[in-house]
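Copied over from TrEMBL:
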- B:200-219: transmembrane segment (TRANSMEM)
- B:270-289: transmembrane segment (TRANSMEM)
- B:335-354: transmembrane segment (TRANSMEM)
- B:361-388: transmembrane segment (TRANSMEM)
- B:394-416: transmembrane segment (TRANSMEM)
- B:437-461: transmembrane segment (TRANSMEM)
- B:467-492: transmembrane segment (TRANSMEM)
Amino acid sequence: MAEERRFLSASGVPIALRRRQHSASCRELAVRGPRLQLRSLSAATSAVWLAAYGLFALSENSMVLSAAIFITLIGLIIYLHFVKIDQESLLVIGSLGIQVTSSYASGKESTTFIEMGHVKDVVINEAIHMQKVIYYLCILLQDPEDPQGVSEVVPLFQSSKPRLDCLIEVYKSCQEILEQRKTAPQSS
Amino acid sequence: MVLKVFFPSCCSSADSGILIGRWISEQNSVVVLAVVHFPFIPVQVKQYLGEVQRVTKVSVSVLGSWSNSKQEKEESLSEFLEDLGTIFCHEPWIQISKEGDSKFWSCSILQKHSKNPQEEEIILVYYDQRKVMLSHLHPPLDTAGQRAEDASKLSAIFGTVARSQVLFMTDRYNEGPIKLTHWQSDGVEASIIVELLKQASVPACMLLTFLLSLLSGICKSRVLKFWPLSFLWSKLSTCEQLGHRLQHLQVISSSKKAQNQNQLMRKANIFVSLLIDVALGILLMSWLYRKNRIGHLADTLIPVADHVAEELQDLLQWLMGAPAGLKMNRALDQVLGRFFLYHIHLWISYIHLLSPFIEMILWYVGLSACLGLTVALCILSDIIALLTFHIYCFYVYGARLYCLKIYGLSSLWRLFRGKKWNVLRQRVDSCSYDLDQLFIGTLLFTILLFLLPTTALYYLVFTLLRLLVVIVQGLIHLLVDLIDSLPLYSLILRLCRSYRLAAGVKFRVLEQQDGKPLRLLMQINPLSYGGVIQTYRLPTYSCYPRDSWASLCKKLFLGELIYPWKHKGDKQN
């Protein structure tokens, strides 16, 4: 069963949180940011080409125009493939682990899977980002030597940056599944 | 408690039978390796599993039953399958059944001696057996930079499948009593070319080892150890590169089999790197010798050397005049300028002496480019070093003069203030000087101080020239190092067979149905290109930089000679 709710991100853009429960111990939470707008794309392209045409008028060298087209194409491909993140999702499977996926606008998906044995807890943290203080959700990884220590902090939803209300929903869903591993008998 | 069943996707359409695999009790998970079909004799199955266990050291056992009924479920079959549980007593006994072509299977567990009779949730994870068997899991680096070798749950699963290779060697065409279904049950595949190469590699390795031992014997002979020659070998970077490649060849041709994955990848990387190097070198050679380009190169070498010498002469004339409007000490200026001019004159004479032989030397030296592109680049770097030898000499003269002057100045400055450097205690102490000592000391101090700008200017100019040459040589060495250390085989493997180098796994949730177990697909998450390069980088023989920026500036200021590129074998100064 899936449900979708709208929230705002830390910078004010509308984002959508989609929750799906696949089974009693498996949940998927996906935060979707706004898609690439045709307006901004055309604005950027026109600006680059106007500048190139101005340079061409000054220098009478046609290489400037072909270079501008080349730069626009390459820049667009790089932006779609490496920069623009459409959706960030969290798949929590009790007793297996937590999977964090970022899907880019070009369709590329980059996934990390963290085994449940390495996960200490999922918490909401505060951070100073530029001139703001924002909340972010992160996974605390267990230190193998020190049972009370934390070896690494993995921040989630870094590009969509949801606000506290959205984070609380995600936090509650994760904690329901993480609690199950405490009630179940320890299986190291 | 959640039970995880790792099921190979190749067995999804297998006929009914029993499941064999490994039960990992610490993780409460089951790895299914194959399906044994009816009819079978239980004793023979147990015997076979015992043999497999002995060879692979993996505790393979009968885990449960698998029923794939094309029609409706038969009651008698299910009872028969439960009875099997008593024959092969395994705790817990898993029963998976598939009806017709349905994607949603039903799993149930029979626990006879369960302490808490609660409903266990089952997660069914499909995995691609061939890919998991061939893949090598790279655990992530922790903060200390060491790879965590602890028992990760996934590595247990990967290890189980990888070590059970002998189980996958029997296919359905074998005439044995056991009929298995696994990823290779349709017929074991092998490549004729690979087998032929394996057979041919043994005598080839032996021949190579013999040749290399001859070569290293010659290299280590006493003839080449005499002082001028050994000094020359240590200074030429070509010899170092050749020695490095010789070491690589020795690694490849050694007859010991690679113990683990890392050694195998290293051997393969060295082999591919050598191959590409030699191929590029031969390409370069064919380009150079076509249309006699090397002759043209030799013809332009002398005019270029002449041009450089003329530019240096112009520079010295400029310094002897009033450079940048600064007023130099006339006498010292003339002395230094004439000294360096005479030096350049000697250098041009030597170059002109050599000019008839240059073309022949270059032609033969160019032939050595067939040993590899790295060797050709090292030769280029050495030629640059030889051609700019006079710049190096000038730098040394200028630096020594400047260094002497700075030390003299600092010592006389202490005398001027009435202090002395105490060598025993390594500190500055006060000292009472005689009047004539003070007089001469102050006189010398003044002379040195006013001659400082002239010497400093010469030192500055020649240091800058030397740094320019050093930067050019450094760039060439950087390129050589890049070619040496790039793990090409691993990169090509990552490109073409990305499942072989795994950084982890990723799960995809498949269609679900209420009441049926959770279905997941486990796929291999390949290592990123940066991770591949970091893990499989080949070690090189040089490491830079030798000094930090601060100590480099200090040395330049004091006039000490700088050697920016350090090699691993050098003793520390």
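Here, residue 1 is simply the first one shown, and the rest follow in order.
In case you wondered, yes, glycine gets a Cβ from its N, Cα and C as well.
Predicted automatically and left uncurated, TrEMBL annotations should be read as such.
Among B:361-388, B:394-416, B:437-461, B:467-492, B:361-388 has the largest number of CB pairs under 8 A with the transmembrane segment (B:270-289). Contact between the transmembrane segment (B:335-354) and the transmembrane segment (B:394-416) is supported: at least 3 Cβ pairs lie under 8 Å, counting only residues 6 or more apart in sequence. No contact links the transmembrane segment (B:437-461) to the transmembrane segment (B:467-492), because fewer than 3 Cβ pairs that are 6 or more residues apart lie under 8 A.
Within the same chain, residues 236-238, 240-242, 245, 274, 277-278, 280-282, 284-285, 288-289, 294-295, 297-298, 301, 305, 308, 469, 472-473, 476-477, 479-480, 483-484 sit at least 6 positions outside the transmembrane segment (B:361-388) and bring their C-beta atoms closer than 8 Å to a C-beta of that stretch.
Sequence-distant neighbours of the transmembrane segment (B:394-416) (same chain, 6+ residues past either end, Cβ-Cβ under 8 Å): 336, 339-340, 343, 428, 433, 437-438, 441-442, 444-445, 448-449, 451-452, 455-456, 458-459, 461-463, 465-466, 558-561.
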